[in-house]
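Have a look at the structure below before the remarks.
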């Protein structure tokens, strides 16, 4: 589809010009040559796919980012596609297709659901298109709440990761390049709400299930809060707020967003619609009260809940605090000061009851208690009209900020990274003689074992530089890395986050009870679709992610669920190593020259640093977390998490007011729980982020040991002579200036480490002595752990019973299949008797010397929000990361001989 009319006109002009024939021929040839080059350059940008560029001069290839976008049109408006139920896609290339460790697809979901229904008799869940069942979720959702809450209901279907032995055999066969590798078994773990208990089943194989095995049962009160129970709770709140409507209007100029409870609640009450007539049209939650462009419905109040549900205050009872907020964009930051504590332990909503109401600093036992106190003038209502936190178009809702963004290129072909220009590609093509008309999968070049690709991807199996690994997204915990090898050496069997906890404290009961363990919501299930050019570079590769979100949603496919891209190391654009040696000038001493040549000086050496990032983002209600696994060409593996999103705020009183605030105990000022807004009656609530990672290191072999290297100085000693040390001091009775001591940790209890920030320390996971790497020093083949996100938690042991992993920054345990995860989806519900108690992983105090060991690493921070966290917390400076670094594993840095290093001399 190219227009050649310009060339026709050129030839017409040349044929009619008056110059001699030889000149016409010369000019014509020149135009033809230039035109051909232009045509080639134009077509090249659309067809070039330099994904397997080979360099015959050196086996390690230059760090060229050779990525292509998914073979679909670019969304020029950068609008994030909505999450939809999975549609069977067309053929995906092997690079983008799903992998052996991915969650179930729609076909597998249907097979597992059918097997469970046959086994249980009745099980309600969403059916896939084309399947007709008497137990579809649509049939259940129209029933009264009491029937829905008593029904057998599918909560989740997750892929059951095979045991480590099977995974190790599979990955080792791939490493050896065996022609036929048996696939990993695909079984599912199904979580079924089966009152009066929760049941977990192992079902499989998922392509044709022949086995349905009950694995364990869990007490029913530990179930996570699901859609059915939440909607019934909203109905319960509706009834309370209908009775409180006059007070809500007096205090906030607003009404509850729902006028009457739903039909499902009315069925339970055997009541007709006239009993639930809505406040005679007096509700403020009507369109006539809401002006346009105010970001929502400010005269409507909507609820939100906190967690946990079972605490020391009421063991065995499911109780949840709700607070009301204005129904506007960033509703989480527009709360009002009324909150409700509801006991919903029973599966019969008729037995639910209101424990307490908190209103403007005081507790009330019931709606009637609060209303009677108000009507008898026992307190004065403080009017808090709606005030929008954001002026102008801060959020960009009108589109002025985002609609103008255009893609880097209007082409829909492959996008090249910013530090690889077209001329470089042409140069590589001229050297490699690769057929540029073929896609990576259709390459006409036969594989050569002596030459490796810079990047190859097949079914979530990635080979990049000297790295080899698999990745997936788990519904409960998010991004997971398996089977990591570097330069052919085993490094990591499994790595990824196991749990995240966020602990708040504030003036209101809602904030004081807010201790959130997010895996109960599904860190992977809350996956956020990635936007090219914002969440990841335009040139990144975007992978779809398949998940079974829940039984009331079913299987989905998130189009841009994970991205993969190459970039320069931190700081961006910097070298991974460099040195410049200044020239030495000849000098004369006693009439003789002391320096006669500069061969050993006057040079510079450097190498650019690059790394491959695998990124996944989850949106857990108000907070978003960017999770990265970064594979550096230096052999360093980085795990990082960066928080962003909307901060929580508390509604406060108009302090300073001596009648409203009094110092009590350690609470000495209105800012005790967070800085106060200088524009609104809000407190920016202090909170504690904690992220827990499982790091199953297998350095060369599964038999490893754990060493700790302490660095000491004179001030490390409790000795009055310590301050007498000086540089160069050789007094034998005085301590040296610096020294280190290496200690092998023998048992699990000794391998629980509280980070002492004043004492430098290094942690090493080392191969068994007779398993050393032949290319490195014997008995020193280790991987070091550098935790840049270590934080000391200040919470009590009573508070952290369900997330005891926070008590130590690093714990090392012996590997066991029944200790695969440090938490569970039930731990966030019950904080006093957790299903997974992490302290038990170490209590038998097993030996960890020359054994298969697991590192459990915690990173975190304390967030003291301020105005600059509005509208969103910036990611700048917020990254929390730890690094796995080779330690005497190689003779040189693994990238010492990379092709794009350089050496230069000053010849002037």
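Heads up, the Cβ atoms here are built off N, Cα and C, so glycines get one too.
All TrEMBL annotations are machine predictions without curation.
If you look up TrEMBL, you'll see 25-44 marked as transmembrane segment.
Taken from TrEMBL, the feature compositional bias 'Polar residues' covers 273-286.
Taken from TrEMBL, the feature region 'Disordered' covers 273-297.
Taken from TrEMBL, the feature compositional bias 'Basic and acidic residues' covers 287-297.
Across all of the domain 'DUF1965' (335-381), the predicted model scores a mean pLDDT of 96. Residues or ranges marked as domain 'DUF1965' in TrEMBL: 335-381.
The domain 'Copper amine oxidase catalytic' annotation in TrEMBL covers 454-894.
Taken from TrEMBL, the feature 2',4',5'-topaquinone covers 623. In sequence order, 502, 643, 644, 645, 646, 873 make up the list of same-chain residues 6 or more apart from residue 623 (2',4',5'-topaquinone) whose Cβ falls under 8 Å from its Cβ.
DSSP assigns residue 623 (2',4',5'-topaquinone) to a strand segment in the three-state reduction. Broken down by DSSP into helix, strand and coil, the domain 'DUF1965' (335-381) contains 12 helix, 19 strand, 16 coil.
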